[in-house]
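What follows is a set of notes on a single structure, which appears directly below.
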Amino acid sequence: MSAAAVDPVSATPMTGSKEMSLEEPKKMTREDWRKKKELEEQRKLGNAPAEVDEEGKDINPHIPQYISSVPWYIDPSKRPTLKHQRPQPEKQKQFSSSGEWYKRGVKENSITTKYRKGACENCGAMTHKRKDCFERPRRVGAKFTGTNIAPDEHVQPQLMFDYDGKRDRWNGYNPEEHMKIVEEYAKVDLAKRTLKAQKLQEELASGKLVEQANSPKHQWGEEEPNSQMEKDHNSEDEDEDKYADDIDMPGQNFDSKRRITVRNLRIREDIAKYLRNLDPNSAYYDPKTRAMRENPYANAGKNPDEVSYAGDNFVRYTGDTISMAQTQLFAWEAYDKGSEVHLQADPTKLELLYKSFKVKKEDFKEQQKESILEKYGGQEHLDAPPAELLLAQTEDYVEYSRHGTVIKGQERAVACSKYEEDVKINNHTHIWGSYWKEGRWGYKCCHSFFKYSYCTGEAGKESVNSEECIITGATAEESVKKPQALLELHQEKLKEEKKKKKKKKKHRKSSSDSDDEERKQEKLKKALNAEEARLLHVKEIMQIDERKRPYNSIYETREPTEEEMEAYRMKRQRPDDPMASFLGQ
């Protein structure tokens, strides 16, 4: 234990003298140290009363010593306390009270006629000095003249509120201001009563009330409930209940005549969003924002136009959402091209720029269209009436039969072909397709089967006919030569095919063997050259400093071929071979 420790039990309270505060602490004996530890254990177990500070508050015995011990510069007497751990009053912020507020209005009646000590020497105001005065410097200041002393400035107090004071909506409210509204309503009520009394006096003087009282309906109690007199008497109630229908609660109905509230017990047919589709894989419902963006009936196969609710995503395509998205896209594109525009920073500038851009774009399209029409023509096709008018009702009378044939009126026009008609090229006298033979189309004038051929006339017909005769004669001779049976013909064909296959196999074997050997030799030569180049490259790299060598990751990693393995074996050095020294010679 250090010599600075003091027994809290034996320590006497400090009297406040300097001699007591400057005494050196006495060294604790072993017995005192043991008693102190036992007392601490008893306090922790609750068998002994806890320590008490100067304010009479109990000190928790479980607080560590490095927290509960008082520094020497705060209290040299070492009295048990936790005051040094609490917020110090001199460091606490002083907040304004709830009754304090800024001054409202300026007192204009008080006028100062005499210079006051400590005021501005130039104008005479008490709220500033001469160097801070904003008034024009006078030739002789107010300190010496004592005239034209300026009024004091309206200086507002510096208020500093806490968290709740800053958020108090009624802070600075004067309840006396509400009395003005009460007085105004009282005056209106008094004016209504005077007007009503004046009206009754006029009716009594004119005799209307006497006539109504002597009427037979009034005597037998058959007066109409909506008579003029009842309306006049209930005018005040009507004024009070004028806006009753506008402020009634949902599900309630306010009867202004009987002054009762009637519950509207109707059946609510609306369905909650999350109950429209109970499938957990359907549209997601966010309970925090009460939003369901997707359509809950998307998987049910229902048309969104026929459903009462199809999700909240329609809000994204209503109002100015689409135009704002187009403006944002234009801002991004303009910023990429060097224009300093931003949707949030300069919305007005961006809107004007976007409008001018659209006007210039339309003008450019019109100019481009006009230039194309001037160069190539075709304005008459653009001036044609729209398709709606072309297919509209006409005055032509047409009568049809049950089967769709025209009985009376304009007959149906013949459908035109999509191919060119009556177009004769290359001196042909007939069109292409006028002649057909053996599944082929041609020209009738020369019997030619080539579409873009030149016409040969009758000579072409004769040449075609002679070729056909020669072909037919040769086939006839072959047929007359050997009248063989089908079995013999089939056997001959098989023999010829076998001979051809044998010849092909022999030719393939001889050619393939020689070709394979040549290819292998070429591949091996290439692999040997590549291996020599690799060895030279390795030799160069080994001569370079280890830190300056390139990375191995730049080389391709693949499985080597047979030729590359053979070249590696042929070029590999074998130190165990006795003839290895003669390989380099």
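Any Cβ shown, glycine's included, is placed from N, Cα and C.
Since the structure is predicted, the reported quantities are computational estimates derived from the model, not experimental observations.
Lifted from Swiss-Prot, the feature list:
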REGION    1-102  region 'Disordered'
COMPBIAS  20-44  compositional bias 'Basic and acidic residues'
ZN_FING   118-135  zinc finger
REGION    206-254  region 'Disordered'
COMPBIAS  235-248  compositional bias 'Acidic residues'
CROSSLNK  K349  SUMO2 cross-link
CROSSLNK  K408  SUMO2 cross-link
REGION    496-529  region 'Disordered'
COMPBIAS  517-529  compositional bias 'Basic and acidic residues'
REGION    547-585  region 'Disordered'
COMPBIAS  556-577  compositional bias 'Basic and acidic residues'
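Under DSSP, residues within the compositional bias 'Basic and acidic residues' (517-529) fall into helix, strand and coil as 13 helix, 0 strand, 0 coil. Sparsest Cβ environment among the recorded sites K349, K408 (other Cβ atoms counted within 10 Å): K408.
You'll find the Cα of K408 (SUMO2 cross-link) roughly 69 Å from the Cα of K349 (SUMO2 cross-link).
Here the zinc finger (118-135) has long-range neighbours at 112, 141-143, 148-153, 155, meaning same-chain residues at least 6 beyond its ends whose C-beta is under 8 angstroms from one of its own. Per-class residue totals from DSSP over the zinc finger (118-135), listed helix then strand then coil: 3 helix, 0 strand, 15 coil.
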